[in-house]
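Q: The following feature annotations were taken from TrEMBL:
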type	residues	note
REGION	1-34	region 'Disordered'
COMPBIAS	1-10	compositional bias 'Basic residues'
TRANSMEM	41-66	transmembrane segment
TRANSMEM	179-197	transmembrane segment
TRANSMEM	217-235	transmembrane segment
TRANSMEM	242-258	transmembrane segment
TRANSMEM	264-281	transmembrane segment
TRANSMEM	312-329	transmembrane segment
TRANSMEM	341-362	transmembrane segment
TRANSMEM	416-441	transmembrane segment
TRANSMEM	462-481	transmembrane segment
TRANSMEM	487-509	transmembrane segment
TRANSMEM	521-540	transmembrane segment
Amino acid sequence: MTTIRQRRVGKGTEAAEDQPSEETNVKQDGKIPPDPPGGKLWNILSITVGGIVAISLGLLTSVYVATLHENDLWFSNIKEVEREISFRTECGLYYSYYKQMIQAASIQQGLHGLVYDNKTESVRTINILERMNVYQEVFLSILYRILPIQQYLEPVYFYIYTLFGLQAVYVIALYVTSWLLSGTWLSGLLAACWYITNRVDTTRVEFTIPLRENWALPFFAVQIAAITYLLRTHLQPAQQRLTLMVVFVATFLFSLTWQFNQFMMLIQALALFILDCLDMLPTAKVTWLYVIQISGLLLVCVLQFFNSMILGSLLISFNVSVLIARTIQKNLKKGGLLNRLGKLILHVLLVLCLTLLINKFIKKILNLESDEHIFKFLKAKFGFGATRDFDAKLYLCEEAFGLLPLNTFSRLSSTLLFYVYGFVLFLLTVAAVIVAFRNLSGSNQAQLKEKMEEYTVTLKPDAAYSLVHTVLFGCLALSTMRMKYLWTSHMCVFASFGLCSAEVWKLLLKCLHLYTSQRTQVIKYSVPIITLLYISFKFWPGIMDELSELREFYDPDTVELMNWIKSNTPSTAVFAGSMQLLAGVKLCTGRTLTNHPHYEDKNLRERTKQIYQIYAKRSPGEVHGILRSFGTDYVILEDSICYERRHSRGCRLRDLLDVANGHIMDGLGENEPDLKPSVYPRFCEEIKKNLPSYTMHFTRVFQNKTFHVYKLAKHK
């Protein structure tokens, strides 16, 4: 089991063509006032300073997380095998393809090895570029090979520094988004500071470096920044075209680097759909964004050798359905309140039905089952599906896929982030409800606007998008803890924008009958500065202490296991075991695996369930037959799984297997009435007794405090 111990002292080292009615929620002041004397110079100076601060904060964040990674593991001083073991679970699997490309005799041979891979899943040849999102590893490995840096920089450092460098892109994108929303770079500064001081809840890059989300989220942040700019009014055609190009490129890169991209962009498409229905966004721009999402995903589909999971995604079905429904209902945004509401309900139902029909049709044609485990998990999580399904329970029992813990809010509150976020969210939600009601009721006549000018609540399109975005992703984070990083980073942007926005303070002061222009300007700058000072004085000492704390990687049992495998087994040997461990076996030793952590394939899920019978109550002959059917030569048993205490009864791996096999679970507690006792003892326990019925099939060849390796007899 991998642990971090205290380091011992010793070793060194968006157009003019948009309809006016589509932007009626934005209050127009008529003519644009001319810049005051020196205004242009001041704007240039402000943009320059703001840009320098953005880049500086981005680079500082990169250095910060890189230093934390080094201090936690003493990465520069540990052996290569220890560095590779530190890439836990699927992180190790992804990194292994980078290593494989680096070690290949040529780029062509490396690519051929990925397209025709027979070592990731035994007795099967699979296309890694189709199955997994590893183009980033391919690109990095090619870049490393062609750049003259081999003698100065090790491949592993080129890899991790690239990921830490993407954190700079991430922070700059968050900074720019907040700046665009509020109109002041002070907002961006506050957003970046909140991101850093809430690091535990905004990123996990320093200890899960190769994880797909660490590649994808910076591009998602760039996409959101570009969408924020695109939704501004009165953009020149050239500006709009350039921004649309940035949105497309960022969307494409986001989709290329993460297998869950379609689900994240589906939530984004829902946000656009809601706002378009409520007349809070220009329809032309929303249409472009739908098209960009579809085209970006289809381009990734082509690069992934027409991956059927992408073609069968709900995102493509939903976006196509929205575009079809809009052409059918051409007068959707005309009429009074009740008329519009009726049309709106019909529109939503039409889109929903079309989405389900198109998606079901595509999956039927393609015989697609790769993503069924995700829908099983969602059904079981919200009480709509069978809770006995092994794959669904495997996710449900993991803390990362549970509800967001309450202590998350206490940590976010300690930096004032959650308090400010709640305050801004409440004000903008009220404003959004008022604006949406006004848009739907058609109460935007010129006379009424002139009469109510001083009291009209407005909400800019970019702020409206940011509001719905944060609400939807907040719901996702509350339901699934692992997705909190999509919410908390945008929470920093949303809260800082609200605190530095003249519109937000103007709305609040008008409600309190305290509004003056001067007072708004004072509050707009003083409150953020006070907040920044508070954060600095409270958290700067803690950050310095954190950076000075030195630890060291320590996992001698796994190191011993990997070294034994490399030294004592043939390079063609096939290993069976837990998904997490086998990812490390492939990375460290290059041996062939029976299963692995990339779970987006039905055959692999069924295979994994069969391999895991080593922790169930099965006879030695049955287990041997199952393992040999996958070409297994060696099986690795882990005491931490066989005698698991991390999960409660009913969520231990052995309990999931027992229930799936129809057997009662171990230990005190209730069992479902149809479960029966097994006639065989638990395999992983009984094999250690060296009984003849076991030794005729399995021979122990390695053992330490954590792992037991058995060689399988090759019976005719």
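A Cβ is built for glycine as well, from the same backbone N, Cα and C atoms used for every other residue.
Values in this document were obtained by computation on a predicted structure and should not be read as measured data.
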Q: Taking the transmembrane segment (521-540) as the reference, which of 242-258, 264-281, 312-329, 416-441, 462-481 gives the largest number of Cβ pairs under 8 angstroms?
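A: Most Cβ pairs under 8 Å with the transmembrane segment (521-540) come from 416-441.
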Q: Given the cut-off of 8 Å on Cβ pairs that are 6 or more apart in sequence, determine whether the transmembrane segment (264-281) and the transmembrane segment (462-481) share at least 3 such pairs.
A: yes
Q: Verify whether three or more Cβ pairs under 8 angstroms connect the transmembrane segment (312-329) with the transmembrane segment (242-258), leaving out any pair fewer than 6 apart in sequence.
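A: Contact criterion not met.
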Q: Please work out whether the transmembrane segment (312-329) lies in contact with the transmembrane segment (341-362), by counting C-beta pairs under 8 angstroms that are 6 or more apart in sequence and asking whether there are at least 3.
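A: Yes, the transmembrane segment (312-329) contacts the transmembrane segment (341-362).
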Q: If you count Cβ pairs under 8 Å, which stretch among 179-197, 217-235, 487-509 touches the transmembrane segment (416-441) the most?
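A: Stretch with the highest Cβ contact count: 487-509.
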Q: Can you work out which residues elsewhere in the same chain, 6+ from the ends of the transmembrane segment (217-235), have a Cβ less than 8 Å from its Cβ atoms?
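A: Same-chain contacts beyond the flanks: 14-16, 23, 26, 166-167, 169-170, 173-174, 176-177, 180-181, 243-244, 246-247, 250-251, 253-254, 257, 264, 281-282, 285, 289, 460-462, 465-466, 469, 485-486, 489-490.
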